[in-house]
Amino acid sequence: MVDKNIYIIQGEINIVVGAIKRNARWSTHTPLDEERDPLLHSFGHLKEVLNSITELSEIEPNVFLRPFLEVIRSEDTTGPITGLALTSVNKFLSYALIDPTHEGTAEGMENMADAVTHARFVGTDPASDEVVLMKILQVLRTLLLTPVGAHLTNESVCEIMQSCFRICFEMRLSELLRKSAEHTLVDMVQLLFTRLPQFKEEPKNYVGTNMKKLKMRAGGMSDSSKWKKQKRSPRPPRHMTKVTPGSELPTPNGTTLSSNLTGGMPFIDVPTPISSASSEAASAVVSPSTDSGLEFSSQTTSKEDLTDLEQPGSPGYSTATEPGSSELGVPEQPDLQQEGTHVEKSQSASVESIPEVLEECTSPADHSDSASVHDMDYVNPRGVRFTQSSQKEGTALVPYGLPCIRELFRFLISLTNPHDRHNSEVMIHMGLHLLTVALESAPVAQCQTLLGLIKDEMCRHLFQLLSIERLNLYAASLRVCFLLFESMREHLKFQMEMYIKKLMEIITVENPKMPYEMKEMALEAIVQLWRIPSFVTELYINYDCDYYCSNLFEELTKLLSKNAFPVSGQLYTTHLLSLDALLTVIDSTEAHCQAKVLNSLTQQEKKETARPSCEIVDGTREASNTERTASDGKAVGMASDIPGLHLPGGGRLPPEHGKSGCSDLEEAVDSGADKKFARKPPRFSCLLPDPRELIEIKNKKKLLITGTEQFNQKPKKGIQFLQEKGLLTIPMDNTEVAQWLRENPRLDKKMIGEFVSDRKNIDLLESFVSTFSFQGLRLDEALRLYLEAFRLPGEAPVIQRLLEAFTERWMNCNGSPFANSDACFSLAYAVIMLNTDQHNHNVRKQNAPMTLEEFRKNLKGVNGGKDFEQDILEDMYHAIKNEEIVMPEEQTGLVRENYVWNVLLHRGATPEGIFLRVPTASYDLDLFTMTWGPTIAALSYVFDKSLEETIIQKAISGFRKCAMISAHYGLSDVFDNLIISLCKFTALSSESIENLPSVFGSNPKAHIAAKTVFHLAHRHGDILREGWKNIMEAMLQLFRAQLLPKAMIEVEDFVDPNGKISLQREETPSNRGESTVLSFVSWLTLSGPEQSSVRGPSTENQEAKRVALECIKQCDPEKMITESKFLQLESLQELMKALVSVTPDEETYDEEDAAFCLEMLLRIVLENRDRVGCVWQTVRDHLYHLCVQAQDFCFLVERAVVGLLRLAIRLLRREEISAQVLLSLRILLLMKPSVLSRVSHQVAYGLHELLKTNAANIHSGDDWATLFTLLECIGSGVKPPAALQATARADAPDAGAQSDSELPSYHQNDVSLDRGYTSDSEVYTDHGRPGKIHRSATDADVVNSGWLVVGKDDVDNSKPGPSRPGPSPLINQYSLTVGLDLGPHDTKSLLKCVESLSFIVRDAAHITPDNFELCVKTLRIFVEASLNGGCKSQEKRGKSHKYDSKGNRFKKKSKEGSMLRRPRTSSQHASRGGQSDDDEDEGVPASYHTVSLQVSQDLLDLMHTLHTRAASIYSSWAEEQRHLETGGQKIEADSRTLWAHCWCPLLQGIACLCCDARRQVRMQALTYLQRALLVHDLQKLDALEWESCFNKVLFPLLTKLLENISPADVGGMEETRMRASTLLSKVFLQHLSPLLSLSTFAALWLTILDFMDKYMHAGSSDLLSEAIPESLKNMLLVMDTAEIFHSADARGGGPSALWEITWERIDCFLPHLRDELFKQTVIQDPMPMEPQGQKPLASAHLTSAAGDTRTPGHPPPPEIPSELGACDFEKPESPRAASSSSPGSPVASSPSRLSPTPDGPPPLAQPPLILQPLASPLQVGVPPMTLPIILNPALIEATSPVPLLATPRPTDPIPTSEVN
């Protein structure tokens, strides 16, 4: 079956042949002509061949292509026919009729390329001719882009490209055709550069020998002069040949010559070499002024988004990054070896030498167009070779490779040179466009030959283009620059520095001519660069951290920040672009932080094991490495990607290489061909230096810059400075200094010259010269290098010194090519003179420049008498003539530019030029530290000024990311700054309170700011420090404006029935008349704010407030408190400080604000109760300040007190803090009594709550002392212990100024100062007990923490030490009252305190020997306070002066609008918080009496309970102590202890209530007393204790009852007195036996008789006067029966002295009793009575009491003699004298002996002074009795009962009930 392709070819033959025949020439043709015509003949031959085969592959491609190619080459064919032949060829290529694997394919391709690029045809008209040209383009494109195109040679490819360029740049052609050519070129360039990774680098010698043929010339593609000569032919239309552009002119004879694409110039098809000079002369720029009539195409084609670089059409990127893929399978070509060329390994990096463009080789290598293309080997794209068997002479055709690409690249670069006059704008633009395509398509940097071009010419041209104001060229060059620095910045360190500096210059320049668009594009370019991963980090590492580079990153950051702030206030694109650039750093850093947070620990561990110890840097294109790196911010780069790790021959290190550390990596690099330096910058210790090292380098750099500046002024000074700073050694090391002089580009070359040429520095000059390497350099080249390092001074001796050093060095490096050193010196000098002669303008003006001959002549015979080699002199002459040795900093313009550029290239070739590529996320912290300030400032500005939603969101996103980063790295200062900035935008700080809801509610930006602030504080509160103040200020504003949620303004309260009160007072009508009047007046005057409040808020305002409330709800401010438990301690402490700072420290303050902050503080403390120990000090100091410093009651004080108690209630359960918490309750005792009394309600209720919930957690006596003292002060108005008050007052003036650590601390000895009072419990104390330490361990701890120490003894000195010095005034120890001065008290508070006591007492677990006495004392104080229904308190309350608030330290703000802010008064705050005196007085009568009655009854019950339980409590504790053998003070449970500490005080308390004015209370108390005295436990008491019972309980009771306690209830009082006297006699008789053993029995008995006397005359009724004698009879009879009156000494039992004294006393008031009872005179025979005398006693009890006896008032008694109690009593409770005892208390003096008197005074002469009879003459003759000083203790009012105990007599038949 015949191949279909054969038919296709036959069809094309027919079309072309038909066209030829139809042409005019064939109109009258004959077969003979057809035979003779070579074109038709070849077609006929081809037909025969095709007919003889069945498969097309049987013939070579050349066979069927040749006829068509001949038509294309033929000069005689017309355009249409040529076009048909081109179409056919294109079809063959498109249909793949040419087999790429066929051995003749290469030859065929070469022929085709040659024919099409040299196509000739007879022109018809311009339009038709352009069609042919279009088809030529089409064929060329298809040819290169189809697979068979790979067989084309380098020369063919160059010719193809050249043809396309010619059409592209021919301005006479239509724009459509030129654009088509441009698109064709784009496709071709893309293909060639896409294939770049497949080509191998050619050895330099091969490149040199072959380059000549491939020169493509830049510049104009046609000679413009020829255009002008072309004329239209005047021939008739049939013969007229429209000349195609570049066609030759018609000859006069009418024959048409060929139209050649070369434009009539030997451009491609002429093999003779063209010198550069002639080619330049032959090509002129085609400008718009030519008669082509065409305009420039100013349209730019490079507007694609630069982010789309990674297109699938650029496989070079992905393949190049795979290990081992640097050479993709093209093997070394054998034909090159056959030619004798040696394939060398290409060098890994040509950074050591200046990258020079390879020179053109001048060796002629003719290459004929018609070379035999049949004889060649074919190598297909995969490298498979097809060798023809019959190979003929001639060279083999080599497929194209790197040479043509390099030549194309060089040509494209030359097109971009703006200083080349031949390059039009169109050409420059085209060059840029194609370079863009090339860079987008291939990893050009991997090709060293191309890299050299990029480093030098390409970068230079691009930077020059940045100064051109043609925006399309400017934009295109920016685009190319981006591609360069994105992909190969590691090779272009100093180029990039220059580029960025140029961009910065464009952005900052204030030139009005500079278009805004240029600035915008420059900024856009920077932003694009900054978005490249790691780019910013690399800027920082390679420039900021390089001693001799600019601080690019720092300067750019400053520039961008400054540029983000609009001067006019209006935001433009440039401002937003600047912000974008700054945010790129933030964005990338934040993304890395997120990645670190998200990565699990296991992944980190895996990476740690796999990561090399010295990180390897990723040097591939960053765009292909977009995925984020490892969580620790370091990436594992491939060894192949490190600059310099491309080993010779394109090989790579094996993967395991480079993992053992920096040294291995460097060794691997050193093992390559270039061993001059490692690929690590010498300033770093490792490829990834740590941040500390970078900081050191930065600091060193600053010093170096300073040193450089000083050197440039005065070299010695600069060197000295650097030596002082340790950067240069002392003494000066010449080598080190010389190296510095060479390295530092900032040094003034003139100063270097002066310094090294100084004759003092001869050694330095040697070292300096030795830094140059002159090997292999001609003398003038070496001298050029030498003289560019410094400026040659003008003095001859100095020049001589410098040149001598130079020549010596040069000869050392190059041997001795000259006769001697003088010859060398002379030649060097001659070169300098020649340079001056040729290039110095002044010299040129005077003389003509020196010629070569003159130069030679001058040096004749200088070389040791001989001449120098003439060739060398000629070379030197031309080198100097053509290129001046530039004296640094002397030249300007292009010369200077060239010099600067050469210096840049030189620096790039040294180790200084190493550019370090770093992994993403390295040094994020360093960068963020440098950028956060400018970025936050810029964000704030943009946020403030912008109205666009997107920009606002971008700014907020920036804020959030900054916050996240600062949180990640723990940068508090950054986060604080951020919060403070954001708080300004919430509109909460600036607005007045009245407007705040409406302003805030209607400001969406403020909403966003507020939500952001709160969100960030919730999320990253851990690192917030100073910012808390701003947040709290915002919270306060919300509070003032009533925008906070209800939960935040409702706080716990003890008194309120709901348990909560609101901190915000509701707006209620004022509750006082005058206030109403004021409101009315203000309404009348229509003062602004009031007016609006009267009218009511508008709808808009209401809506705004609703929105504001909704926004605040979303902010969730309460979360700040509830989640404070998760804050780090430091942040928590700062938060608390911020809250504490809103304190009445200043002269003015706002009470509600302070209360709100206090409540937040307390809630935070409670939230943090798990670690409350850390913050307790702060909150305690704050509460101390609020409570103790308050001079008058206010709401804030009340909240502080409630807060303290709330804390105590919640925190007491925590063992570690409970002691400190209880100690802190003493703050309440330090308060001013007047203030404390005003908060008594709250304290009473709070203490009740505390005891109910936490009594079990209170263990130590000290703590109980605090609580009981508090209960006493609150419940009964007792003034707090004076020592505390004294210390509090002493602190008052300066306490406000104290910091946390400065609170007054008191030392041990301070506490034991002489207080001038006796604490209540001291009275109960056994004075013989050894002293104890006055302070608990807790106190000692607190001293250390700087807190005011209050020892237990100061609060309640229950256990006094013996060390108190000095005498003290006496107080009456024998009184029923506790002897305290009770202030006014609040009834409800007392009731609550009694409830609290009741709770403690009724739960047996809470009462222990530690707190028993305290409890009893408190009960007694309450008894005294509730006595007579608290009348004493009411009297005092009425008299107590009202405290004047003028002296109040805390003054409220009298700020404008404060009245408006609080038109609200709170009924609850006023009535319950303030409890004014008026309220209290009015409120008392209504409910007080029932309440007080209840109180008294409760107290009685409690005392009785304690009395009955005392023995069991003490004994059980004593037993437990013995069992556990615990240390500490021993608990005694004997009767003496119990009496002294328990029973006696309790009996005194009950007895006290027996003296109540209320009958019900008195009677109940008497009943309780009777029960108590007869209780079983008391029977164990001995005589002394019973005596004490009389002295301390019964006698004081009887004395008190003599007073007119209840004038209204006369009968009741009579009954009370009768019951009391009966109780006296009953107790006396019951315990008569033990009492008889007392030595003081007589005194006791006489005192009883005194009371009998008084009581008989006390009432007005007969009740007592009848009952008393009966009782007395009973007692006398019992005593007589017991033979008490019988003298033991007298024989026969005569009457004793007691008998005499008794009757002396009785006779005073009952003179006839003796006769009634003892009618017989003999005492021995007593009256017949029962021995115990019970019955009369009983009858005495049953006597009814009636009548009203009133006791007259007693005059004040005399003072007790000081010796009476000095040894017995402790210091008095208060500084009052003993004479302040209650009136009516008789006082007795104590005579040393009793002297009876025979006659007594009249019965009622002095009834109150009972002691009068004792001193009567009755006592004369009575033997002296050993009485102690307490002869008549009942007459002394005292506060300290003495215990009494006794065992009941079993014979006593009287049940207790009888007493009732």
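Keep in mind that glycine also has a Cβ here, set from the backbone N, Cα and C atoms.
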* Asked: Out of S225, S275, S663, S1075, which residue gets the phosphoserine annotation in Swiss-Prot?
  -> S663
* Structure fact -> Filtering T929, T1338, T1743 by Swiss-Prot annotation phosphothreonine leaves T1338
* Could you check Swiss-Prot and say which of S57, S372, S990, S1321 is marked as phosphoserine? => S1321
* Structure fact -> From the set S353, S414, S770, S821, Swiss-Prot tags as phosphoserine just S353
* Record feature phosphothreonine (Swiss-Prot), assigned residue among T508, T1490, T1505 -> T508
* **In Swiss-Prot, the member of Y1317, Y1324 to which phosphotyrosine is assigned** => Y1317
* To do: Helix, strand, coil: count each for the residues of the region 'HUS' (531-551), based on DSSP.
  => 10 helix, 0 strand, 11 coil
* Asked: Per DSSP, to which secondary structure element type does T508 (phosphothreonine) belong, with helix, strand and coil as the options?
  -> helix
* Structure fact -> Cβ proximity for T508 (phosphothreonine), under 8 A, sequence spacing 6+, ordered by residue number, returns L559
* **Arithmetic mean of per-residue pLDDT over the region 'HUS' (531-551)** => 92
